[in-house]
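Engineer: Heads up, here are the entries from TrEMBL:
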TRANSMEM  7-28  transmembrane segment
TRANSMEM  430-451  transmembrane segment
TRANSMEM  463-484  transmembrane segment
TRANSMEM  504-529  transmembrane segment
DOMAIN    652-964  domain 'GPI ethanolamine phosphate transferase 2 C-terminal'
TRANSMEM  694-711  transmembrane segment
TRANSMEM  723-742  transmembrane segment
TRANSMEM  754-771  transmembrane segment
TRANSMEM  791-808  transmembrane segment
TRANSMEM  815-831  transmembrane segment
TRANSMEM  880-898  transmembrane segment
TRANSMEM  919-942  transmembrane segment
TRANSMEM  954-974  transmembrane segment
Amino acid sequence: MRLGSGTFAAGCVVIEVLGVALFLRGFFPTPVFSGAERQAESPASEPSAGASSNWTELPPPLFSKVVIMLIDALRDDFVFGSKGVKFMPYTTYLVEKGSSLSFVAEAKPPTVTMPRIKALLTGSLPGFIDVVRNLNSPTLLEDNVITRAKAAGKRIIFYGDETWVKLFPKHFVEYDGTTSFFVSDYTEVDNNVTRHLDKVLKRQDWDVLILHYLGLDHIGHISGPNSPLIGHKLSEMDSILMKIHTSLLSEERETLLPSLLVLCGDHGMSEAGGHGASSMEEVNTALVFISSAFERKPGDIRHPTHVQQTDLAATLSIGLGLPIPKSNIGSLMFPVVEGRPMREQLRFLHLNTVQLSKLLQENVPSYEKEPGFEQFKVSERLHGNWIRLYLEENNSEVLFNLGARVRKQYLDALRTLRLSLSKRAAQYDVYSMAAGTALVLEVLALLLLSVPQALGSRAELDVPLLSPVCSLLFYLLLLALVALHGAVCTAARSSCYLCSLPWLAAGGAMALTAALLCAVVSALTRTFASGTCLSQNPPQSTSRWSELDLLSFLGTVGHVLSLGASSFIEEEHQTWYFLINTLCLALCHQIYRNCFLGDDCAPQRCPHMGEEFDGVTVALQGKRAGPEGWELSRAPADPSSLEALRGPERWMVLASPWLVLACCRLLRSLNQTGVQWAHRPDLGHWLTSSDHKAELSVLAALSLTMIFVLVQKRCSLTSKVAMAFGLLGIYCYRAAIGNVLFPWQQDNKDISKGITEARFVYVFVLGILFTGTKDLLKTQIIAADFTARTVGLWEIYSGLVLLAALLLRPHNLPVLVLSLAIQTIMTQFIWKPLRHNVTEVTVMHYWFGQAFFYFQGNSNSIATVDISAGFVGLDAYMEIPAMFLTAFATYSGPVLWASHLVNFLTSEASSSSALSRACFCYALICSTPVSVYIVLVTSLRYHLFIWSVFSPKLLYEGMHLLITAAVCIFFTAMDQTNTKS
């Protein structure tokens, strides 16, 4: 069966998406857990050495009531830094002079809300895949403090982020959840929590009160940590904390035990306002324990000490008199119990070390050789000796010194055990990873082996669909895979995703793997049998690789290889900036050489379009043949008259690479990204500061005007009007939410959510997209009108540009303008005059799309994802629209450049197979990095930066491949339209 190269590539990318999804399911592991059921197990008895201990029960609770006030994105300097001193005076007083203990709690990546809540309450390290589950949190089945408290009869009340309600259904006697993803709201989302306080604090029918405030995090997403709104929100939180603390102090007069108020954050906030990565601002959170039990003596100065966020679960369990969660890998925060008698201190430490040692035994086969386990045994033996001495005489200096020694030994054992368990904090599903990797590599091999036919003059492949399935090799491979599957699933000690699938689904995956392998073997055999492995050109062909082809090849290969280094991943934007700058210099060299010098150093005239593209702007005196083979090169061009380019047009051709270089250099100054230099000031920070709102307003207005000028030229009259009103609506929307000012405004006093204005723009976006789609369908069904088809495609592109302008932040509108300007310059003065073939044009579009992904401030860190774009025009959280808008805003650069590629090839290429070849080339250069990166990540899965650097990049690569699949399907659909027309 013969397939177009575009259709074949689209099918391959879809299969690769399935392979990547399977790999991700196995790579993002399940946390270390305790598999044994010990619900009715009694707590460990106190150690004894020849004497019988009289303490076999859990210690009684240390606090009568516990209030947990969790402020989302409360990084440490918001409380302990200058902002805390200025905006949280009551909290600062408690930290510096009051009855409190202060900590800087380190959160492990991913620093997003749901995994951090799990870490706080289970004491375990959540899997990185919880980044995805954060959008729709499932019920938490792992042992945790909330479940233990409910089982012990504690009455728990919760108000705040509805993530808690999803994690702990039927655990709260009273609750009121608020939507956490509607980031445009930072007032009502907190008022809905605070409105319950006065009533609840007067009641006595609860033991644990949990409050989760989201407003601070939402402000960070909207305007960053330096916004004036941050100070107002911190002041609001300080007054709420004072109200809670005052109420708890008044109640303590009637109770025997003190109360505990815990102020904490789930994660921090980056300098851009996001979170999810591993920068110091994102992982360091404030943690303050406030209780009359922590009274300090005169002159007692307490500085915040560093702890792990997972330590809170063990500490809360001890404070509430509960068993420590079985999967906890944290250690007791010793200052909390330091004021208790020595026997109680040792009892608490013993319970913690027993729990950690049991977890170690269940997850490490050779646990007896672990240093932490050996230290635990020594501690337990010394503890037994101390108990014997305590029961004999309880007031000697020897007893105290021995107790201090036992305490130090326990603390050392806790530290070592926690470190050992943290290193084994996850278990990979290697079987699913191997199956996904096999699918991905088979697809890549098929694409590479199909290059000679796919990029040939006909752009078609002979794809035998039945022969691989009907061959003996297929059934032998399938039988071997079934046997392997049965053996792995039988012997697997841990959970395996493929083994949990029904046999029909697992069999389908194995059949697909076997069929692809047979296809690869068939392609290899056919290639070697024909005697042409890399070229199918006729012997008379004299074409060779040009410098631009060599640059494209080496640049792509170099980028792929750079993904094996963590520093190159963190600073990947530098790679793309270097590549496009080098590309501009190569284009400059090509233009100057073709215009002034020939191959023999004789004067040469400028070339024009080749066979693939129509000469639209320049006259041709001769035509050269387009690429008849599959190579990335062209035959030498026949000279045409230099006088065909006269006056300004000629100078624009000569200056165009330098104009593109200047635009790229300006864009680099707009947004600092990456890791090493992300903290440095840039134009974006200057524009978004409250002191430069007038300058930002002028820039936004000019940018929107330039967008209209650059886009409207090929639109119909109806679309031009819709575009003009849509761009006007975008400015009105930004003015409504306080980003920019109208000329008659002095300042934004009446700030709204801009829902009406944004929806006004959405109407025009949908209208333009509908108009373009109608024109395309008309050419498909009624008449083959070339002009209508090109106008329809351009209107779809214009609608996407309008949507991007709405979703991008105002200071990023110049990124969109310069993207359109570069596309115009490249089209008019580089691609047409230099007659670049389809492959080169496709590679250039891909490179610029990747560069513009970083120009708009993105990076390989989750913290740079602007989730506020997902809520533009929404008055409530709707998962699918929010996810689509966020993804489009993040990947608007690659999407718009891919869309422009379709427009350019459709309007300029005379060859009917241009789109098909472009689709194949685009799929190949997108699939290669993903395939190689999966192999690299598998080999580096125990790397120090696997979760902070490599895993976020893996998620980005997976999402990019999904978008590539959508782009290839669009390419194929347009190619079919062109063919039928």
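Glycine is treated like the rest: Cβ placed from N, Cα and C.
TrEMBL entries are annotated by machine, without manual review.
Keep in mind that this is a model prediction, so the values were computed, not measured.
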Engineer: For the domain 'GPI ethanolamine phosphate transferase 2 C-terminal' (652-964), provide the mean pLDDT of the predicted model.
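Structural biologist: Across the domain 'GPI ethanolamine phosphate transferase 2 C-terminal' (652-964), the average pLDDT comes out at 89.
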Engineer: Mind pulling out the one from 7-28, 430-451, 791-808, 880-898 with the most Cβ pairs under 8 angstroms to the transmembrane segment (954-974)?
Structural biologist: 7-28
Engineer: Report yes or no: does the transmembrane segment (7-28) come within contact of the transmembrane segment (694-711), defined as 3 or more CB pairs under 8 Å with a sequence separation of 6 or more?
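Structural biologist: Between the transmembrane segment (7-28) and the transmembrane segment (694-711), contact is absent.
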Engineer: For the transmembrane segment (791-808), what are the same-chain contacts with Cβ under 8 Å, counting residues 6+ beyond its ends?
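Structural biologist: For the transmembrane segment (791-808), the sequence-distant neighbours (Cβ-Cβ under 8 Å, at least 6 residues beyond its ends) are 704, 707, 711-712, 714-716, 719, 723, 726-727, 730, 733, 758, 761-762, 764-766, 768-769, 771-776, 778-779, 815-816, 820, 856, 869, 872, 885, 888-889, 892, 895-896, 899-900, 902-903, 906-907, 974.
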Engineer: Would you call the transmembrane segment (754-771) and the transmembrane segment (815-831) in contact, using three or more Cβ pairs under 8 Å, pairs 6 or more apart in sequence?
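Structural biologist: No, since the transmembrane segment (754-771) and the transmembrane segment (815-831) share fewer than 3 Cβ pairs closer than 8 Å, they do not count as touching.
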Engineer: So, do the transmembrane segment (694-711) and the transmembrane segment (504-529) meet, by the test of 3 or more Cβ pairs under 8 Å (sequence gap 6 or more)?
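Structural biologist: Since fewer than 3 Cβ pairs under 8 Å link them, the transmembrane segment (694-711) and the transmembrane segment (504-529) do not come into contact.
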Engineer: Does the transmembrane segment (815-831) make contact with the transmembrane segment (880-898) through 3 or more Cβ pairs under 8 Å, each pair 6 or more apart in sequence?
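Structural biologist: Yes, the transmembrane segment (815-831) and the transmembrane segment (880-898) are in contact.
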Engineer: Using a Cβ cut-off under 8 Å, which residues of the same chain at least 6 positions beyond either end of the transmembrane segment (919-942) come close to it?
Structural biologist: 5-6, 8-10, 12-13, 16, 20, 23, 27, 428, 433, 436-437, 440-441, 443-444, 447-448, 450-451, 454-455, 459, 556, 559-561, 563-564, 838-839, 842-843, 845-846, 898, 901, 950-951, 953-954, 957-958, 960-961, 964, 967-968, 971-972, 975
Engineer: Residues sitting near the transmembrane segment (880-898): Cβ under 8 Å, six or more positions beyond its termini, same chain?
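Structural biologist: Same-chain contacts beyond the flanks: 135, 181, 797, 800-801, 803-804, 807-808, 815-816, 819, 823, 845-846, 848-853, 855-856, 858, 865-867, 869-872, 874, 922, 959-960, 963, 967, 970.
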